[in-house]
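Annotated features in TrEMBL:
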{"type": "BINDING", "residues": "A:T145, A:K171, A:T182, A:E266, A:N389, A:S394", "note": "substrate binding site"}
{"type": "ACT_SITE", "residues": "A:T182", "note": "active site, nucleophile"}
Protein chains: 2
Amino acid sequence: MEKNICKGFKAAGVVSGLKKKKAKDLGLIWSEVPANAAGVFTRNLVQAAPVILDRERLKSGRCQAVIVNSGNANCCTGKQGMEDAAAMIRFAAAALNIPESLVCAASTGVIGQPMPIHKIETAMPDLAASLSSEGLDDFARAIMTTDLVPKVLTLKGETGGRTFSITAAAKGSGMIRPDMATMLCFVCTDLEVPVDILQKTLVNSTNFSFNRITVDGDTSTNDTVLIMANGMSGAVIKTEQDRALFQAMLDEILMGMAKMMVKDGEGATKLVEIEVKGALSDNDARAVADTIAHSSLVKTALFGEDANWGRIVAAAGRAGVYADPEKIDIYFNNIMMCKNSMTCGDKAEAEAAKVLKTPEFTITIDLNSGKGKASVFTCDFSIDYVKINADYRS
Amino acid sequence: MEKNICKGFKAAGVVSGLKKKKAKDLGLIWSEVPANAAGVFTRNLVQAAPVILDRERLKSGRCQAVIVNSGNANCCTGKQGMEDAAAMIRFAAAALNIPESLVCAASTGVIGQPMPIHKIETAMPDLAASLSSEGLDDFARAIMTTDLVPKVLTLKGETGGRTFSITAAAKGSGMIRPDMATMLCFVCTDLEVPVDILQKTLVNSTNFSFNRITVDGDTSTNDTVLIMANGMSGAVIKTEQDRALFQAMLDEILMGMAKMMVKDGEGATKLVEIEVKGALSDNDARAVADTIAHSSLVKTALFGEDANWGRIVAAAGRAGVYADPEKIDIYFNNIMMCKNSMTCGDKAEAEAAKVLKTPEFTITIDLNSGKGKASVFTCDFSIDYVKINADYRS
């Protein structure tokens, strides 16, 4: 893991006491100078207080710091929740000696419980004092809920003879669904990027990455992807080629994050790409891929390492799109399991069973009815998923 | 349980060897005289061979017998599957000495495996010889897959001074979703009902019952609800009042079946009604109810007996319909847990926890934004669900 966050940024994570078990639960990212900024947020009708505040703040296109807590979602907390989110920002701004208008906030954790805001106030001086260019791992740990591993990625690029970096830290393990950002992700870059390009590129990359993964089909009230570009590397986006490079790098880094989330999905033991082709349109292909990726019966079969392609066909058939029901082919990696909607026999099944025992593979569904295609990523549905989610609050 | 099937019907169930573990797996219902008949079938794009045949046959509005197997879905079995379904009907017609055109068929079990049709042929004479007016319990056992209990219900009514009965047998435990019949259900009545009324009443009752339940959100390729009315009681539908009585009775019997399915849902420990009111329209209310009823996070919390209403709000918020996000009230039975999208405190939570420990209860979500309402039935999502479905084929 790259230890240093990109130029001009510092990060930190500390224990404030918000989590039931003593662990890092309050994180901060700060840029030495105000950065251009953009965000993508949950489309859930019910939105957490910090999400509502951030949307407003980011209209300016500027941000210098983001304060994030785990252990409490600050959602369904009414007027007091809005005041607490504003207070969280005020405490951070004061500790960093920057305007409140340049601070964003995010929260993740249990919904509907009052925020013990005094814990954040008490921990803030220590948090600000801990800021370091090597602090992103601590930050990533501080924003974890049911995640088992902290998620940090860095990529380096070059333009106009100057090198720059993009670094991201994220959390996400449950309540994941390809319907919006569906987690928290904070991206820093020392590249100089105009605000309009920053927003557009972020939306594109989010659609390419986080909007193509599922763990359990649920979206949260707190989903946030936030990017800050402080220009401290001296590298600048000037040409269309620069923009394309930035898009490709952001795609790669967010897709890397997205896959880390699915791999670390609650109780997950497998990362599976669901690739659909031969649909009448790309949208149709996506509908079929999503339906398969969300199917509890498909996902439990994956957990059981059972090449039960009948469940895949049944899920494809209820996706609400037309394809010839007698022309479906299914592959597990390169093993054809089903041709023209019929079994390829015991030998193919035995070969597919070997694929199922590996931790990462692709299931391809060829509908043989058109040229539409799409792919999404899912994980299996395990006994541990149920255990984790039956016990989450207790 | 009412032992006798209604007048003029006989039923049976035997072991043919289709199930891996030796158990009843072939069932037959026969009427002494040809009956008026109607059916409702899966909307899945991929449909099992017997479903395709039955749709054709029922255009005549007449049926005298139905042959049903478990252990093999006869789906994704191509041309051979169609021939096997036709053969199954031919064997039954021969054993009963009635025209093939008066026999329907249904199958349930693993998708995509060739049907060992010789087992059905071999078992047929024994099956026909076993027909009895007390045989519906055997029939119900023969059509079970992961069901733990056979499902049979009888209601008695009276019209024009004559009593009549409606009896139904059904199977359904997994792959249940409020999107169509989603299981097998066979209804017999000795009432005389014109075919057009029979079909219309069956569609209404299916929408009222089977289309309002979910276990895991998956629909099957074999879903069939079939009704036969042989008129042998001498009771006849003549007036609008008779028709209304028949509708009410069929609603009651199919809803009874539907609830039995959810209670017997794979791994289920609780039957929960999700009631939504205060939506902008009934359709909106239904969308919210469905989203909550399908949410893995809500269902695992129910299993954990955790009154995690935040997950209910989050699921409501992603249903894709508008309501005021700050006006949501949530009740567990009559205990208000959440008012204006905020917690009602620890005491309410302790009271709700008691409700959660009971096997049947209602969760009411009042969106306080309009007059739309709807309710559906769901179950919890348990460790056993995953175990059952990870191991189903092995």
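Glycine too: its Cβ is placed from the backbone N, Cα and C atoms.
Positions of TrEMBL features highlighted on the structure.
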residue : record                 : DSSP (3 states)
A:T145  : substrate binding site : coil
A:K171  : substrate binding site : strand
A:E266  : substrate binding site : coil
A:N389  : substrate binding site : helix
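Checking the binding-site residues A:T145, A:K171, A:E266 against chain B with a Cβ-Cβ cut-off under 8 Å leaves no residue at all. A sphere of 10 angstroms centred on the C-beta of A:N389 (substrate binding site) encloses 28 other C-beta atoms.
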